[in-house]
Amino acid sequence: MADSECSVMNKENEPLVPPNSSSAASNVQNKTNPDSDCKQKQVAASSASCKKQQTSERKWTLSDFDIGRPLGKGKFGNVYLAREKTSKFKIALKVLFKSAIKECNNEHQVRREIEIQSHLKHPNILRLYGYFHDETRVYLILEFAANGALYQKLTATLDKRFSEPEAAKYIAQVADALMYLHQKKVIHRDIKPENLLLGANGEIKIADFGWSVHAPSSKRTTVCGTLDYLPPEMVCGRSHNEKVILMF
């Protein structure tokens, strides 16, 4: 494990997608979810060919990755920088302990996080390429946001605030992503600077869909998220819909 970690950390400043692996991210997603790949190729390929491809695909295991430095720590586990061994493509590997999830009775919440985030495709939303699990842990294969959290950048500024043009840029990107979520009837319910990551080019990536919910018709009443960022509707105990996340 130590050699693998050094290998990843020493190459951290390399391009996210190596020159000989321009489709690495696509390969990661397709390997994890062959059914999705089949649907995309239905027009161009016969169903027989699609089934043949599906049977030739294999599922991920931890041995497919070189594990690097820790990127963060959460309630149920940790997030690590990792590199897929074949394509050398860098990802963030979120490791959740089943015992901790079960102890808090949050199995449904983890399933919902995976189901929702895996269907979201927007330049300002962190991609979930796929997942796998073993006897003790669940692993989420996530897009690697190379520039960390917006909160870290904010606290590192001299007067703890962004310039107006920079703030406007971030707000525009967050707003565009939230509009996309609204169209999908998804409520994130934990929008905060700590959950706004920055990609390789400094672009916003909304992350951590652990509290998210898909609510196409009904309003919600659950009080959840982070206390410092709760919207008035939740504080007052009123019901809310997807627009509640505009109040952060």
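Sequential numbering from 1, following the chain as shown.
The backbone N, Cα and C atoms fix where each Cβ goes, and this holds for glycine too.
What TrEMBL records for this protein:
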BINDING   Lys75, Lys94, Lys102, Glu143, Phe144, Ala145, Glu194, Asn195, Asp208  ATP binding site
COMPBIAS  19-33  compositional bias 'Polar residues'
CROSSLNK  Lys192  SUMO2 cross-link
DOMAIN    65-248  domain 'Protein kinase'
REGION    1-50  region 'Disordered'
To the nearest Å, how far is the Cα of Phe144 (ATP binding site) from the Cα of Lys192 (SUMO2 cross-link)?
19
Averaging the per-residue pLDDT over the domain 'Protein kinase' (65-248), what integer do you get?
87
Per residue, counting other C-beta atoms within 10 angstroms of the C-beta, which of the recorded positions Lys75, Lys102, Lys192 reaches the highest number?
Lys192
Could you round the CA separation between Lys75 (ATP binding site) and the residue listed as 'SUMO2 cross-link' to a whole angstrom and send it over?
17
Using a 10 Å radius around each Cβ and counting other Cβ atoms from all shown chains, which of the binding-site residues Glu194, Asp208 yields the largest count?
Asp208
Could you give the Cα-Cα distance between Asp208 (ATP binding site) and Lys192 (SUMO2 cross-link), in whole Å?
10
